[in-house]
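To keep things clear, I will list the structure first and then write my remarks on it.
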Amino acid sequence: MCPRPGPPLGLWLLLGFACAAHLVGAPPRLCDVLWVLQEERDQCLQELERERLGEEQPVPGCQGLWDNVSCWPSSAPGRMVELECPRFLRMLTNSNGSLFRNCTQDGWTETFPRPDLACGVSMNDSSHERQHAYLLKLKVMYTVGYSSSLVMLLVALGILCAFRRLHCTRNYIHMHLFLSFILRALSNFIKDAVLFSSDDAIHCDAHRVGCKLVMVFFQYCIMANYAWLLVEGLYLHSLLVVSFFSERKCLQGFVVLGWGSPAMFVTSWAVTRHFLEDSGCWDINANAAIWWVIRGPVILSILINFILFINILRILTRKLRTQETRGQDMNHYKRLARSTLLLIPLFGVHYIVFVFSPEGAMEIQLFFELALGSFQGLVVAVLYCFLNGEVQLEVQKKWQQWHLWEPPLCPVALSSSFSNGTSSLNSTKACPSGRSRDTCKVSII
């Protein structure tokens with residue numbers, strides 16, 4: 001019986017490189033490689049055993065062989081056998097190559113060229129070192145980005161929940177968006193902890209199911225985040241375009257779209273993976289057709305948001321050019337335009353640029369998707385909460401009540417409303433005395 005195979009020369013260093021950073025379609029973990037290696041070994045030994053049992057008498061030549069890397073079939077003397085690189089090496093290098101052995105009267109010759117050279121496992125390639133260093137820096141950047149975003153989003157979500165006067169449909173949608181960014185950051189940290197933890201092969205089988213569940217949760221959080229970005233775009237577009245827009249009725253539909261539709265697609269993906277591609281931890285998407293179950297809806301949501309972005313800019317430009325928009329109306333539309341220009345590009349429009357990107361643009365794509373994308377939650381929290389005039393007013397009043405022991409001032413807050421394509425301004429006294437009005441009911445941003 002052959003001994004349990006260990007990773008060949010160069011595999012450990014390659015796995016260290018693979019675990020340097022989280023990537024979309026990242027290199028596999030050591031456990032994934034060992035699972036594939038064990039599957040190939042078991043399959044080879046079964047085929048060799050069936051071949052041995054089917055022979056009535058020994059055949060002269062070279063017997064079938066498992067050399068801990070490849071499965072060599074029986075061969076007659078004087079022949080050269082060619083095999084493609086084993087699957088576990090192709091998982092690491094994404095390159096095809098061939099291995100050769102000669103069958104002589106004395107048996108098999110050594111494999112040539114060496115598997116690490118034939119299959120692209122070059123340990124002296126300086127480009128691997130540069131890429132390794134780049135991925136390490138990238139991992140540090142997106143870890144800082146997700147951490148800072150997580151802190152700011154938690155604070156922003158707490159503020160919107162704490163002040164009842166800020167409770168309205170618009171801010172309810174913002175809360176859901178903040179929560180989706182929080183889940184995205186947390187799922188990324190959990191996934192990194194599972195995928196890039198100590199990969200002791202003894203514990204591979206014990207963590208296999210849990211690792212898949214983590215990947216399902218991670219994919220759900222990613223899709224939910226894109227779904228709520230789409231909801232933000234649909235909501236803003238509806239306020240500008242639809243004459244009679246019932247916000248409360250649409251909120252229920254938005255909740256179903258934001259949390260329900262990702263669950264449907266991720267469940268379909270998980271079931272498909274289980275039956276058609278149940279290999280590894282489900283972090284490698286070798287089957288493009290299965291991966292498009294998730295990738296397709298995400299790209300579609302990005303495309304829809306981009307179309308909404310263009311139409312919103314068209315509407316705002318038309319309103320800004322009309323003669324009726326003057327004074328405070330003009331300032332309001334400029335504020336709306338600035339917020340839109342800052343927010344909509346953050347919806348992930350840059351993904352469209354990299355959908356069919358060439359292989360040489362991978363580093364640029366990773367920088368946009370991971371390094372800059374990890375700060376997306378921070379920017380959204382600042383834009384939707386900390387720079388919001390209504391939020392600042394409520395926090396200022398509460399600060400004065402708690403620390404200055406003085407009655408808060410009574411500033412006049414200007415708000416606007418849209419009705420039948422026209423705009424109007426309303427002034428609201430923000431005093432604690434008397435009946436207070438909801439300061440966010442008629443505001444768009």
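Each residue's number is its place along the chain shown, starting with 1.
Using the three backbone atoms N, Cα and C, a Cβ is placed for every residue, glycine included.
Quick look at what Swiss-Prot annotates:
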type	residues	note
SIGNAL	1-21	signal peptide
TOPO_DOM	22-137	topological domain 'Extracellular'
DISULFID	Cys44-Cys71	disulfide bond
DISULFID	Cys62-Cys103	disulfide bond
CARBOHYD	Asn68	N-linked glycosylation site
DISULFID	Cys85-Cys119	disulfide bond
CARBOHYD	Asn96	N-linked glycosylation site
CARBOHYD	Asn102	N-linked glycosylation site
CARBOHYD	Asn124	N-linked glycosylation site
TRANSMEM	138-163	transmembrane segment
TOPO_DOM	164-170	topological domain 'Cytoplasmic'
TRANSMEM	171-191	transmembrane segment
TOPO_DOM	192-212	topological domain 'Extracellular'
DISULFID	Cys211-Cys281	disulfide bond
TRANSMEM	213-235	transmembrane segment
TOPO_DOM	236-250	topological domain 'Cytoplasmic'
TRANSMEM	251-272	transmembrane segment
TOPO_DOM	273-287	topological domain 'Extracellular'
TRANSMEM	288-311	transmembrane segment
TOPO_DOM	312-336	topological domain 'Cytoplasmic'
TRANSMEM	337-352	transmembrane segment
TOPO_DOM	353-363	topological domain 'Extracellular'
TRANSMEM	364-387	transmembrane segment
TOPO_DOM	388-445	topological domain 'Cytoplasmic'
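In the three-state DSSP scheme, Cys62 (disulfide bond) is classed as strand. A separation of roughly 14 Å, to the nearest angstrom, links the Cα atoms of Asn102 (N-linked glycosylation site) and Cys71 (disulfide bond). Sequence-distant contacts of the transmembrane segment (213-235), counting only residues of its own chain at least 6 positions beyond either end whose CB sits under 8 Å from a CB of the stretch, comprise 169-170, 173-174, 176-177, 180-181, 183-184, 186-188, 190-191, 194, 250, 254, 257-259, 261-263, 265-266, 269-270, 281-283, 294, 297-298, 301-302, 304-305, 308-309, 343-344, 346-348.
The stretches the transmembrane segment (364-387) and the transmembrane segment (251-272) do not meet in space: the count of Cβ pairs below 8 angstroms, excluding pairs fewer than 6 apart in sequence, stays at fewer than three. The stretch from 138-163, 171-191, 288-311 that makes the most Cβ contacts under 8 Å with the transmembrane segment (251-272) is 288-311.
Sequence-distant contacts (6 or more apart, same chain, Cβ under 8 Å) of Cys71 (disulfide bond) comprise Glu40, Gln43, Cys44, Glu47, Leu48, Gly64, Leu65, Leu83. Counted within 10 Å of its Cβ, the other Cβ atoms near Cys281 (disulfide bond) come to 23, all protein chains included. Proximity note: of the listed recorded positions (Cys62, Asn68, Asn96, Cys103, Cys211, Cys281), Asn96 have a CA within 10 Å of the CA of Cys119 (disulfide bond), given in sequence order. Around Asn96 (N-linked glycosylation site), the same-chain residues six or more apart in sequence whose CB sits under 8 Å from its CB are Glu84, Cys85, Arg90, listed in sequence order. Tertiary neighbourhood of the transmembrane segment (138-163): same-chain residues 20-22, 171, 174-175, 178-179, 181-182, 184-186, 188-189, 366-367, 370-378, 380-382, 384-386, 391, 394-395, 398, selected by CB-CB distance under 8 Å and a gap of 6+ residues from either end.
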